[in-house]
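K.L.:
Handing you this structure, nothing more for now.
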Amino acid sequence: MGSKEIKSPGECMETTTPVRGGSSDSLHRKKLGVYFVESDDRRTAIGGGYVLTRGTTPVNIHGKPITNLSKTGGWIAAFFIFGNEMAERMAYFGLSVNMVAFMFYVMHQPFSSSANAVNNFLGISQASSVLGGFLADAYLGRYWTIAIFTTIYLAGLTGITICATMSVFVPNHADCDQLSLLLGHCEQAKPWQMMYLYTALYITGFGAAGIRPCVSSFGADQFDENSKDYKSHLDRFFNFFYLSVTVGAIVAFTVIVYIQMQHGWGSAFGSLAIAMGVSNAVFFVGTPLYRHRLPGGSPLTRVAQVLVAAFRKRHKSFSSSELVGLYEIPGRHSAIKGSAKIAHTDDFRCLDKAALQLKEDGTELNPWRLCTVTQVEEVKILIKLLPIPACTIMLSVILTEFLTLSVQQAYTLNTHMGHLKLPVTCMPVFPGLSIFLILSLYYSTFVPLSRRITGHPHGASQLQRVGIGLAVSILSVAWAAIFERYRRNFAVENGYEASFLTPMPNLSAYWLLIQYCLIGIAEVFCIVGLLEFLYQEAPDAMRSIGSAYAAVAGGLGCFVATILNNIIKSATGNEYEGKPTWLAQNINTGRFDNLYWVLTILSVLNFCVFIYAAKKYKYRVEQVVKRGESDVPMVVNPMRA
């Protein structure tokens, strides 16, 4: 019992039908799974590999199995995690919406360089999330990764608060009026002052990078994968999770902006630091309730071993007389701590050579020459997942551009709502409000309606939701282009061309709500669907890495936005001829509408690529078991979802 059983190539050939005119090697390549036979009960499952129940036994903070799951996890534990995410997002969006203005009005930096600096901060904080995911999956576990990086986050926010509070860290504001500021005649911050601000800012970004890939996965870990309601709980969890993100954003765009206007920059950034400190305390209070997953060791090492082993055996044939079989350890558990076994698939067959066990391998197995099937399948899954989050980069580009460019648009528009004048920096609150509304109506409206159309129990599959989000983002940026052309023409025709910071009383800023609400809807479908997709499809021991894919895509979107802006500035303007660029500081002489049309075209092309990638993708499938006369589990091949 429990020993490994592998059929020889000769025995396997007897179970197949010869192909006329076909080579022996091509036949073997069509049925690689036939070489792998392994079962605890020494029964054979031929052709389909094997599928064991996904997931691993949850443990407590000391790494010991939890005997009574009813006293841990569930929604109560998840709500402690929601609080931490809400504060982190509040700080993140609070910095993103206020830091451009802080650098411009307080540090006296040009608007364009301030916007690029903030874009880089946003990009680094998201793109470096793969580091947090790696540490969580490899060594620390998700809980300790969150605990460490949330402390780093708090230290960065404290540093920014000190910069905004103490005059020694900011330039002299004497004789700096509005006109001098616009003309760039105010004293700029000294290099060491900017260095201090950038250091505090990037420490904050580094803290966010460790938290972001772990929080959603850690929250999802609190639910029992063997429960019949697991899918429903997981679907609702990711919606509530993004709802907490939205609440944090709404607070940042309203309360924090109000504090800044009434009490100054130090109080605004200090409020973010206090909120982060309180959320840290709440997170630690929930420690006895949390369920944990054991870290599986370095995922990068396992990936490297597969690539090296496959390269070493690149010339070996699957029909070789030296073939023993595809290697896997016997028993119910895989060799990777924190991971169940993964079924063999015929994708990326070149990687299967890493699991090709030959007689020359002997009994002393070297992981850099021979890897298990599960280890090889981990790498395959990581590769197959890549195209989906890559297609969401364009959504992040649009979000980044809206965050900076639409604020510039709002400065030229009337923000009065009756007798109430809404601050321009509060305008990004409307995407958050639309997200809040959509999530509130999601289960009562969207799911029942879409279920009638698609027949899907949750209304739409994860990839369908991502596709809906990308399609709506195209509508959002196309409307932004249409309205910006109208706004610019209105400014020129009514004599406001030179007054780019003067609101036009006859043109309301609330026309921007259309693009804001559309991009909010796009976020709900795309990001929530993507997070759920990555958590469920990623290997068990690499779920933080999987969640980091979404954050990395968001970070790359910020960098792409910066690169695109720089290209447009250099290609569309001529300083010596006095020709303004599309992104001129005076928005009324620039052509933001042309940039939006470029984004629309790129988004359409990106959507076509996504449709192709989604059609090609095959969902991972849970264990499907048929019981025969001997009551022995027989494995059914995974089917395309």
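Positions of Cβ are set from backbone N, Cα and C atoms, glycine also.
Checked TrEMBL, it gives:
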type: REGION; residues: 1-24; note: region 'Disordered'
type: TRANSMEM; residues: 90-108; note: transmembrane segment
type: TRANSMEM; residues: 120-140; note: transmembrane segment
type: TRANSMEM; residues: 152-174; note: transmembrane segment
type: TRANSMEM; residues: 194-215; note: transmembrane segment
type: TRANSMEM; residues: 236-259; note: transmembrane segment
type: TRANSMEM; residues: 265-285; note: transmembrane segment
type: TRANSMEM; residues: 385-407; note: transmembrane segment
type: TRANSMEM; residues: 427-445; note: transmembrane segment
type: TRANSMEM; residues: 466-483; note: transmembrane segment
type: TRANSMEM; residues: 509-535; note: transmembrane segment
type: TRANSMEM; residues: 547-568; note: transmembrane segment
type: TRANSMEM; residues: 595-614; note: transmembrane segment
K.L.:
Within the same chain, where does the transmembrane segment (385-407) have neighbours whose Cβ lies under 8 angstroms from its own Cβ atoms, ignoring anything closer than 6 residues to its ends? I mean 6 or more beyond.
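P.N.:
Residues 96-97, 100, 115, 118-119, 122, 424-425, 427-428, 431, 463, 466, 469-470, 473, 476-477, 480, 512, 515-516, 519, 522-523, 526-527, 530, 533-534, 537-538, 546, 549-550, 552-558, 560-561, 564, 592, 595-596, 599, 602-603, 606-607, 609-610, 613-614, 617.
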K.L.:
Between the transmembrane segment (595-614) and the stretches 90-108, 194-215, 509-535, 547-568, work out which stretch tops the count of Cβ pairs under 8 Å.
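P.N.:
It is 547-568, which has the most Cβ pairs under 8 Å.
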K.L.:
Where else in the chain does the transmembrane segment (194-215) make close Cβ contacts, counting only residues six or more beyond its ends and a cut-off under 8 Å?
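P.N.:
Sequence-distant neighbours of the transmembrane segment (194-215): 81, 84-85, 88, 91-92, 95, 99, 103, 107, 109, 117, 121-122, 124-133, 135-136, 142, 145-146, 148-157, 159-160, 162-163, 169, 241, 544-545, 547-548, 551.
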K.L.:
At a C-beta cut-off of under 8 Å, are there same-chain residues at least 6 beyond the transmembrane segment (152-174) that contact it? List them, or none.
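P.N.:
That would be 88, 91, 95, 102, 106-108, 186-190, 193, 196-197, 199-208, 210-211, 264-266, 268-270, 272-273, 276-277, 280.
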K.L.:
Does the transmembrane segment (120-140) reach the transmembrane segment (236-259) with at least 3 CB pairs under 8 A, where each pair is 6 or more residues apart?
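P.N.:
These two segments do not touch.
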K.L.:
Considering pairs 6 or more residues apart, do the transmembrane segment (90-108) and the transmembrane segment (265-285) have at least three CB pairs under 8 Å?
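P.N.:
The transmembrane segment (265-285) and the transmembrane segment (90-108): touching, yes.
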K.L.:
Of the listed stretches (236-259, 427-445, 466-483), which one yields the highest count of Cβ-Cβ distances below 8 Å with the transmembrane segment (265-285)?
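P.N.:
Stretch with the highest Cβ contact count: 236-259.
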